[in-house]
Every structure is written in C-alpha cells, then in structure tokens.
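Asker: The UDP-alpha-D-glucose binding site feature in Swiss-Prot is assigned to Ser296, 356-358, 373-381, 395-398. Residues annotated as region 'Disordered' in Swiss-Prot: 449-475. Under the heading compositional bias 'Basic and acidic residues', Swiss-Prot lists 450-471.
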Amino acid sequence: MAFEKNNEPFPLHFVLFPFMAQGHMIPMVDIARLLAQRGVLITIVTTPHNAARFKNVLNRAIESGLPINLVQVKFPYQEAGLQEGQENMDLLTTMEQITSFFKAVNLLKEPVQNLIEEMSPRPSCLISDMCLSYTSEIAKKFKIPKILFHGMGCFCLLCVNVLRKNREILDNLKSDKEYFIVPYFPDRVEFTRPQVPVETYVPAGWKEILEDMVEADKTSYGVIVNSFQELEPAYAKDFKEARSGKAWTIGPVSLCNKVGVDKAERGNKSDIDQDECLEWLDSKEPGSVLYVCLGSICNLPLSQLLELGLGLEESQRPFIWVIRGWEKYKELVEWFSESGFEDRIQDRGLLIKGWSPQMLILSHPSVGGFLTHCGWNSTLEGITAGLPMLTWPLFADQFCNEKLVVQILKVGVSAEVKEVMKWGEEEKIGVLVDKEGVKKAVEELMGESDDAKERRRRAKELGESAHKAVEEGGSSHSNITFLLQDIMQLAQSNN
C-alpha cells in the first residue's frame, strides 16, 4: 500500500496509547494505520498480551511499508493483585478486578515516561485513550501536545460535555426512572440518569480515577473522533465549538481495512473459519440474514439470552448469532444441545462461539440487518455497511448511540430496553425483552413495511456517505490533513 510522503523538513512522530479493551484498541490500531499512510512515523505503546492480538494486522501494515513501530511495556498485574495474563477488560469478571485493572494501568506511568524520554525522533504528539489519564502528566513533563481519543461519537461527546457543565439537571432528578431533556442540544432528546455516561454515582475506589480522567480531558490539546461530519453535522459542529475548534472527525476509521484478511482479523483472530462463514452467507438470499452481536463485554443474564435465542428461532428468519465470552455461558451451551435448539435452527442459524469476522459479515450482500448493543464501533460499522439496526443497549455510551440511530438518523428499531445492565446486578435485572418482543422487533426491522423500506434506503445512503468521507477530498480525509498541519505548525514554533 502506497503512503503519502510528508515533504516536511522532519517527519512527524505520533505516539499512540490504546486502552486495553477491544472497543478502544481496535479503532486506535486503525488510526495508527491511517496516520502512517500519510507519512507519519507511528509508535504504539501497549502490553505483551494486547500486542499479540494485533500482531498479524500490524505486521501486514509494516510489511507494506507503513512506518509503524510497536513497543511493549510489562503489565504490572502482580502489583495490582491481578492474575497473570489479565491484561484486557474482556478477561475481567468482577467490579473488584476492574478497579484493580485501572490501578495497574496507572502504574504504567513510570516505565512509559522512561520510554518517551529515550524516544528518537522526539514525539511530536501523543494520542491517548481517555482512560489513560497518566499520559497527561507525561505530555506536560515533556511539553508534547496530547490529543484525546474517547471512542465515542460527537452526539454522545456533546451530551457528556453539556451535562458536565449543567450537572444540577442530573442532581435534581427525583429517581433513576425520571426522564430529562438534554439542554442546548440540536434536537429534543430525553434520557434517564443511568442512561448517560456521566459520573453520577461513583463506586468505592473510583472517585480519584474518574476525577483524573475528567481533568485529563480538560487539559488535552484536542480530540479526534471516530465519526464523519455528514453523519451528525449539527453535533460535530457544536462539539468542535465546545473544544475551541480542536476536534477532528476522521472516521469511519474501520474503512482502512480494505483487504479481506484485515477485515477478518480486525481485533482478534476469529473463532470461525472465514471460508465456512462466507460459504454459509453465500447460500442465503440477498438482504435476508440478521447479524446478532452484543459486543465483547456482553453481560446479559442467562434467562435473557434464552429469550433472545427463542425469539430469533420464532422469527423464522436466517441469522448469525455471535456469543463472545463463551466460557461464561456454559449453561447456555448445555441448553443449546439439551433443548434441541441447535438442531432446530441448523439450516437457518449460524452460531459463532467467540470472535467473529464482523466487518466481513456486515459487508456481505446476504446480510440485511444488525442486532447490536450500540457500542460506537459496532454502530459505525453497521452504518458503514449501509445496514438498518435493531438496537439493544447495555451500558456506557450505548443508550446515547441508540438515540442517535433510532431518533435522529432514523435507521434503527429499538428493542425497547430501558434499563442499564449494571455489573454484578444482571441476574437481579433479569429479562427485559421476552421472546415475543424479540420476534416483533426482528419483524419490524427485516419486514416489508413502508417504514422498513425507508430505513433501508436511509441506511444505504449513510453507508455511501461514510465511504466518501474517507476518500481523498472527503471530510474525514481533509480533517486528517488539518490535524497534521496543526501539529506541524506547533512543532515548528516550538523548535
């Protein structure tokens, strides 16, 4: 793959710090490749276990001539009271482990600081995940501009920005069931308090961690967003203004994965043979398959997963159902075989136990809809593939993303999930959508009503504008140029 040479007196050197969770790492590796294609020297700093997950994709990028360097730092699991190898969020099972994980992450400050000190050429810019607040201190110490990456879209980022400045709105609510309207917003949008990713109830041991993140956000030089202007124009404009002009939409970054093998291995090697998967899809009618995936950190209880399975079966439509974190669901595996579910659906249902080649599946012509947890990466991949979505948010920014997809973009059908899946309280929450609810929502999404046809038309249109945004002359391609010019001017004035 050719990359554009930087005809500047010295090359820019960006150091990237991905947070160790799949939804954060995947787009950051894509960003590394996008910047390297523009002639920027890239160093990615991560831990051994996480480096292994991206080895194949990065090796292919490096072999194609892209200037990417991967540096590994030892993960201090012992000091934080974790097991060896627990280096990624999807390997944690309790809230206590997550607290310990953040403790371990912040212990990386010293070894990383030593790395930066000895780096040559000197870094021109740090791009850090929002969860790695320690990088702010390093940026300050070495006087390097730090760009923040949140992994969210402009709609959600603006919502968080507005609510942090108007916190009394959340404080004055009488209960977690009461809805409020987000003020100063381009559209009338309502949420309950738990549905927005703003720090309201802070669990024990988290106050300092969250305060550090908010402070790191405030002191960063700017923000890059995995979105594109044409998707959420009013929100991109308002968010850029809120960040004094230093916000660049450069997505969908997943579109840097142009070859099949990169699409298939994006994030983690798949647990299904790529050819087997494509063969199954090839045997189905165009637009007939529903792809079902609730993300890498799905915490639905067994009772809810059974209802989802039965609803998919009763919909009588072909589907692919991805269940990640398979080890956690031993009872589900037993139910699949003992209840005869697997036998009954074998002709029209494909179960993927573990990782799936998501981008490859979504871009296949047989797929006509996407049942998603509305994580931002998945939402954007659905949009990029031009697919209407059935939305089933769990937590974090996912209720915000659902609102964008269903209410603003009008390319989604809601499964009508109103309650946030709190870690450790899943069983207590129980079933939120029964099999009838699942069947009804699938029919609404995949059926032939006028509304369904209009959703498909709009989704296809958005998919086309996503591809145009990253092409030369497109809004996201141009924004990368503006970002590089900004950092180059800064580097020259500092010299």
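Positions of Cβ are set from backbone N, Cα and C atoms, glycine also.
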Asker: Through the lens of DSSP with three states only, how would you label Ser296 (UDP-alpha-D-glucose binding site)?
Answerer: coil
Asker: Counting only residues 6+ apart in the same chain, whose Cβ is under 8 Å from the Cβ of Asp397 (UDP-alpha-D-glucose binding site)?
Answerer: Met152, Gly153, Cys156, Pro197, Gly375, Trp376
Asker: Please compare the binding-site residues Gln358, Ser378 by how many other CB atoms fall within 10 Å of each one's CB, and tell me which has the fewest.
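Answerer: Selected from the binding-site residues Gln358, Ser378 on minimum Cβ neighbours within 10 Å: Ser378.
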Asker: Around Gly375 (UDP-alpha-D-glucose binding site), how many other CB atoms lie within 10 A of its CB?
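Answerer: That number is 26.
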Asker: Based on DSSP, name the secondary structure state of Asp397 (UDP-alpha-D-glucose binding site): helix, strand or coil.
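Answerer: SS state of Asp397 (UDP-alpha-D-glucose binding site) = coil.
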Asker: Which ones in the same chain are close to Glu381 (UDP-alpha-D-glucose binding site), with CB under 8 Å and 6+ residues apart in sequence?
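Answerer: Once residues fewer than 6 apart are set aside, Glu381 (UDP-alpha-D-glucose binding site) is near Pro252, Ser254, Gln358, Met359, Leu362.
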Asker: What's the number of neighbouring CB atoms sitting within 10 A of the CB on Ser296 (UDP-alpha-D-glucose binding site)?
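Answerer: There are 22 such Cβ atoms around Ser296 (UDP-alpha-D-glucose binding site).
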Asker: In the compositional bias 'Basic and acidic residues' (450-471), how many residues does DSSP assign to helix, to strand and to coil?
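Answerer: Counting residues per DSSP class in the compositional bias 'Basic and acidic residues' (450-471), I get 21 helix, 0 strand, 1 coil.
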